[in-house]
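Worksheet: the structure to be examined is printed underneath.
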Amino acid sequence: MPFSSIRSRLSSYRRQNDDAEVAIVGQQRRRRTEYEDDEDLTTTAAAADDTDRRIIFLNRPQIQKFCNNNISTAKYSFISFLPSFLFEQFRRYSNCFFLLIALLQQIPDVSPTGRYTTLVPLIFILSVSGIKEIVEDIKRHRADNEINHRMVEVLRDGAWTSVRWRDIGVGDIVKIPNNIFFPADILLLSSSEPQAMCFIETANLDGETNLKIRQGVPATAKCLETKDLLQLDGTVECELPNRHLYEFNGVLKESNKPTVALGPDQILQRGAVLRNTAWIFGVVIYTGHDTKLMKNSTSAPLKRSTVDTVTNTQILMLFVILVVLSLTSAILNFFWTRDYAKVFWYLGISEDIKSKNAGYNLLTFFILYNNLIPISLQVTLELVRFLQAIFINFDIHMYYAETDTPAMARTSNLNEELGMVKYIFSDKTGTLTRNVMVFKKCSVARYMYEPGNTPEESTIVQNLLGNHNTAPIIREFLTLLAVCHTVIPEKFDDGSIIYHAASPDERAIIEGARMFGFIFESRTPHYVEINALGRIERYEILNVLEFTSTRKRMSVIVRTPSGEIKLYCKGADTVIYERLSPDGQMYRDTTLHHLEEFASEGLRTLCCAVSVIPEDVYNEWKETYHKASTALQYRERKVEDASNLIENNLILLGATAIEDKLQEGVPETIASLLEAGIYIWVLTGDKQETAINIGYSCKLISHSMDIIILNEGSLDATRDIIHRHVDELKSSDMKECNVALVIDGQTLKYALSCDLKQEFLELCLVCRVVICCRVSPMQKAEIVECVTQATGAVTLAIGDGANDVAMIQKSHVGVGISGVEGLQAACASDYSIAQFRYLKRLLLVHGAWNYSRITKLILYSFYKNVCLYVIELWFAIYSGWSGQILFERWTIGLYNVMFTALPPFALGLFDKVCSAETMLKYPQLYKPSQDAKLFNVKVFWVWILNALSHSVWLFWLPMLMTRESVWSDGKTSDYLFLGNIVYTYVVVTVCLKAGLITNSWTWMTHASIWGSIAMWFVFMVIYSNFWPTIMLAPIFLGMDRMVFSTIVFWLGLLLIPITTLLPDILLTIVHNTVFKSLTEAVRESEIRRYDPENVIRESKTSLSETARLLRSVFTRRANTRVETELELSHGYAFSQEEGGAVPQSVVIRAYDTNLPKPEGN
C-alpha cells in the first residue's frame, strides 16, 4: 500500500473518531449521573452483606479463626477410616451375604458346618483388605506431607522465620523467591521488579504455557524492605473463599489512607510458580482447602472396577438362586418327612419336631449352600491385586532414571480396569509436552537455515559475513529476532545473560538470535541494545503493538542507529501475507513451502516482515494512535484499527520454526494407543493454536484429517453449528469419521448446556480426536463425567498439574505424571508414572495382563465352589433333604483355604496371553480386554453351567462305582467314604481345569496345580490318624486306609476327572482350530517361535472391500474457518498472555536493566 494511501486513511479515521467522541461524552454524563444515584444503594447493600466477606488484619492477630494450610488428598483419616472402609466393603453384596451367614450360624443347632466357619474367614478378609487400604493410603499421606512440610519465609516478631507450609496462617506476610510454588493464595504487596510487577507460571492451574503478569497496588509497591512491611497497619477485606480461578474482589484499608480496590491481578494463587522475579512480598489471603486450587478439587472418590461391578451383580443373581434352592430343599424335606417319618421310625421324627424343623431346615439349607458364593474370592482378589500393584511398582521398564522415579500403583483395586480403557483424557502442558521451546530452523530469502554449534559455523552467518546476495535480508531478519519482542534480559557479573519472557516462544526466538550471533543485551524504558556479531547497536523503541489472538501478530516501531524508522512485525502467515507490499513478495512462494515443511514436522511457525516508515507518515500516525489509546470507549477496537493503519507495506523476510518439545516417546505412544482402539481427547487450558500444533507434532492429528473448529460466542450459534456438523456426519453413514474436533472453553460452556449436551456428545463420539482448549479444571471433570455416562466405557484421565485433579478423580482410572515440580496430580491419582510414554506399557501390558488374570481368577473361583458345593444338593436327594453334609466339616472349610487356594493365585499373578514385547508391538491384542470379551454376563453363566455339569459327573459316577464296596474286615462304604472319594476327584478335576485355562506355564504354575493335589493326599493321611492323639475328627479315623485300599478309587481317579474334563478339552481344541481369535493365533505363533507379523497382517487384510471403501467415504471438508485451517497447515502458534494486569508495552517501558534490583531484605 503506498504511503499516500496511508495518509488519506489516517485523515478519514480521525474525522470518524471526532464525531464518535461527541456522542460518547454525552453518554458518559448520563451514566455518571445514574451511577451517583445508585452509589448510596450500593453502600447500603454492602453494609447489609458484612457477614459475606473476610476481614484480615495486617501485622495483628486475627479475630476470626480460619482454615489451616494443611492439605490432604488421601482417602481416609484416622477418624473416617473405619466407617468409610466398612461402607466400601459392604457395598459388595458378597460381604453382606457372608455377614448374614455368619450371624445365622450363631443360632444353636442350625448350622451344619459349625459356628465360625464363615465368621473367621470374613474377619480375615476384612482385615487383609483393611491393611491393604491403610498401606496404600499411607503413601498418599506421605505425598501430602512432602508438600505440607515444604519451607517458606514468614515475617514473625519483626524477623524472617522459616516455617512449614502447613503452619502458615491467614494474615501472615511471606517472602517467596524465584521458581518457588506459592504455598497459599497470596495478595501481592511488592516485588523485586519495577512497579511491584511479577511473573507467574500457571501451567499447574490452567495449563497455559505463557507467563502471566501480576502487579501489586501502588499503595504497597514501595514496601521493599522488612521495616516497610512492619509499618503496614490496616485490614484487607475480601470475598469468602470460592472456586472461581479468575475472579477476586477485595479492598485494602490502611490506617489514615484511602481505600484501595483489589482484583484478580493482585492475587498469586496456590499451585502457581514465581518466575523471572527475584522475590515477592505478600499477605496470605486463603489457606489450605479454602484456596481456589483446592476449591476446584473434589474429595478422593471410592472407585470400583467394572469387573467388580459385574461380579457384584452376578453375586446377587446367585443369591437369588441360593434362596430358591434353600426353599426348594426345605419344601422337599417337609414332603419327605411327611411321607417317611413312620417308615423310618428309628429316626425319632415326632410331630413336634416336624413343626419345629420347618424354619430350622430353611436356615440349615441356606447355610449349607452359602458356599456357592466363594468367601475366599475377596481375600484372593485383594492379595492378588496387591501383588500385581507391586509388579507395576517394580517394573524397570517404567522407571525414569533422570528423576529416580518409578511407577507407583497408589490403589490396586483398579488393576484390571487398566485393560478396559476406551477413552483417554490427557492434559497437554507437562503431560504431552515439556513446556520447553527450542529454536530449530528458519527460512530467510528462499534459503533454509539451522543453528550451528557456534555462530561462525552457521550457514546463515557465513552468508552474512561473506556478502552473499541475500546478506541485507539476513541482517534485517536477525535484527528483527533480536529487537521485536518484549523480553527482559538479566546480566550477571560473569557476563552471562538470562532472558525473562512472558512468552516461551519469544524466549526461544531470542535464544535463536543469540545462536546466530545477534545477542540482545539490555533494555531501558526508551531503547534496547544488541550485540550484532561483536558490534553494539542501539535501537530506540518508539511503539510496541501488542500481540492478541485476534491480531495474530506483534510489531515494534524502532529508530535504527542510522536514524531510519522501521516497523518489525512477526505473526501468522495469513495476516503477514495480506499486508505485504507488491515489491515485498519476492520470497512468498518459497517461504510458504518452507512453512508447510515446518508444519509437517510439528514445528511452531511465525512469519517475519519489515517496513520502512517515512518520518512524516510516522508523526501523523503517532497522533492517531495516541488518540486511540486514550479513547474513553471502544479503546481496544480503536487501538487495533490504528495499528492496522501502520502495519502495511511490509517486505517479507522469512519465517521461524520453533519446537515445543514433546515428552520422549509421545508420538509413538499415541500411535500405539490409537491402534489399540483407544480414543484420545486432549483437554487443556492453553490456546487453541498451541493445542492444535501439539496435536500435529505428537501425531494425534494427521494432515489427512478434517478439522472441525467450534469457536462460537452464543448459545444459538453453538446450537446451529453443532446441528449442522452432526447432520453432515450422519449423512456419511459412518460410525467413526477421520475427523478432529477442536472446541474452546466458551463454546464448550454452551455445548454442555442441558439442551445441547446430547447432540454435542453425539458429534464428539463420532470424531477420531477431540481437543478442548481454554477449559477450566471443572470443565475438564464435566467432560469426563459426560463421556463416562453417555458411553458406559472405561475412561482414563492423565495429567501432571493441580488443574487436572478434578478430571483424574472423575474418571474410572486416574494417572498422574510425577517426577516434575507439581505433585498434586500424582497425589490424587490411582497410578503415577514419570513420563507419558510409560502409559503404553501400563495399559497394553499390565492392563491387558491384569484384566485377563483377574477375570480368570474370578470365574475359576466361582467354578470350583459351584463344582464342590452343588454336590451337597445332589446328596440331599439321598439324605432325605435333611441338610446332612457329605463331606467332613473341616475339609469343607479347608477346600478354599488350602486345597484349591494356589491355582487362583497362579492364574492371577503369572498367567499371560502373550509376552510383553508382543503386546507392545501389536496393540491390537488389547482389544479383547477392552471389549470385555473375557468377562461378561454370558461368560460368567457359561462357567456356572460348566461347573454344574462337572458336579453331576463328579457325584453320580463315584456314587455308581462305590455302591457295593465291602472290605476284608467286613466294613462297608458309608456317606463319608463316598464324600472323601468325591472330594478327591473334585480337587483333582478343578486343579486340572486350572491347567486347562492357563496360557503361560511357569514353575509356580506347576507347583500350584500339582502341589494342591499332593497337599490333599498328604492331609488325608495325616488327618485320618489324628484321633485319639488329637481330640479331633473321630469320624475320619482310618479313612485313608479305606479309600486308598480299594482299586475302585484308583480306577476312578484315573478315569473320572478325565471324563469330566473331556468335553472341555474337545471344545478347546475345536475353538482353537476353527474359531481361533487373533490373540490365540499370536500366542500360538509365539509358542511355535514363528513371527506373529504374518498373523497380524492376515487379520488386517481380512476386512472386506466394502469396509475399506466405507472408511474413505468422508472426504468432505468440514472446517468452518478456511483461514484458520490454512494457518494450522502452516504451523502458526504463538503463546502470550492477553489482557493481563499490565500491557507488555508498559512492562518493557518500566525496566532499565542497567540499574540494580532491590534485595528485599
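Just so you know, glycine gets a Cβ as well, placed from its N, Cα and C.
Summarising the annotation, TrEMBL assigns active site, 4-aspartylphosphate intermediate to Asp427.
For Asp427, Thr429, Asp800, Asp804, the entry in TrEMBL reads Mg(2+) binding site. Note on Asp427 (active site, 4-aspartylphosphate intermediate): other Cβ atoms within 10 Å of its Cβ, all shown chains, come to 28.
Residues or ranges marked as ATP binding site by TrEMBL: Asp427, Lys428, Thr429, Glu506, Phe547, Lys570, Arg604, Thr684, Gly685, Asp686, Arg774, Lys780, Asn803, Asp804.
The domain 'P-type ATPase N-terminal' annotation in TrEMBL covers 63-119.
Per TrEMBL, the feature domain 'P-type ATPase C-terminal' maps to 826-1076.
According to TrEMBL, the transmembrane segment annotation covers 315-337 (among others).
Per TrEMBL, transmembrane segment is recorded for 358-377 (among others).
Taken from TrEMBL, the feature transmembrane segment covers 893-914 (among others). Sequence-distant neighbours of the transmembrane segment (893-914) (same chain, 6+ residues past either end, Cβ-Cβ under 8 Å): 113-114, 117, 121, 374-376, 380-381, 383-384, 387-388, 391, 848-849, 852-854, 856-857, 860-861, 864-865, 868, 925, 983, 987, 990-991, 994, 997-1000, 1002, 1004-1005, 1007-1009, 1011-1012, 1015-1016, 1019, 1079, 1082-1083, 1086.
Annotation comment: TrEMBL describes 935-956 (among others) as transmembrane segment.
Residues or ranges marked as transmembrane segment by TrEMBL: 976-996 (among others). With a cut-off of 8 Å between Cβ atoms, the residues of this chain six or more beyond the transmembrane segment (976-996) that come close are 860, 863-864, 867-868, 871, 875, 885-888, 891, 895, 899-900, 903-904, 906-907, 950, 954-955, 958-959, 962, 965, 1005, 1008-1010, 1012-1013, 1016-1017, 1020, 1035-1036, 1039, 1042-1043, 1049, 1052-1053, 1056-1057, 1060-1061, 1064-1065, 1068.
Long-range Cβ contacts of the transmembrane segment (1008-1027) within its own chain (Cβ-Cβ under 8 Å, at least 6 residues beyond either end) map to 890-891, 894, 898-903, 905-906, 980, 983-984, 987-988, 991-992, 994-995, 1033-1034, 1036-1041, 1043. For 1008-1027 (among others), the entry in TrEMBL reads transmembrane segment.
If you look up TrEMBL, you'll see 1047-1070 (among others) marked as transmembrane segment.
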(request) Identify, among the binding-site residues Asp800, Asp804, the residue whose Cβ has the fewest other Cβ atoms within 10 Å in this structure. (result) Asp800
(request) Write out the long-range same-chain contacts of Arg774 (ATP binding site), meaning residues 6 or more apart in sequence whose Cβ is under 8 Å from its Cβ. (result) Thr684, Gly685, Asp686, Lys687, Gln688, Asp744, Gly745, Gln746
(request) Select the closest residue to Thr429 (Mg(2+) binding site) from the following binding-site residues, measuring between CA atoms: Phe547, Arg604, Asn803. (result) Asn803
(request) Across all the protein chains here, work out how many other Cβ atoms are within 10 Å of the Cβ of Asn803 (ATP binding site). (result) 33
(request) Measure from the Cβ of Arg604 (ATP binding site) and count the other Cβ atoms within 10 Å, all protein chains considered. (result) 27
(request) Between the Cα atoms of Asn803 (ATP binding site) and Asp427 (active site, 4-aspartylphosphate intermediate), find the distance and write it as a whole number of Å. (result) 9
(message) Considering only Cβ pairs within less than 8 angstroms, which of the stretches 315-337, 358-377, 935-956 has the most against the transmembrane segment (1047-1070)?
(response) 935-956
(request) Filter the binding-site residues Phe547, Arg604, Asp800, Asp804 down to the ones within 10 angstroms of Asp427 (active site, 4-aspartylphosphate intermediate), Cα to Cα, kept in sequence order. (result) Asp800, Asp804
(request) Have a look around Gly685 (ATP binding site) and count the other CB atoms within 10 A of its CB, chains all included. (result) 28
(message) Check for me, if you would, whether the transmembrane segment (358-377) reaches the transmembrane segment (935-956) - at least 3 Cβ pairs under 8 Å, residues 6 or more apart in sequence.
(response) no
(message) Under 8 Å between C-beta atoms and at least six residues away from its ends: which parts of the chain pack against the transmembrane segment (315-337)?
(response) 92-94, 97, 349, 354, 357-358, 361-362, 365-366, 369-370, 372-373, 862, 873, 876, 880-883, 944
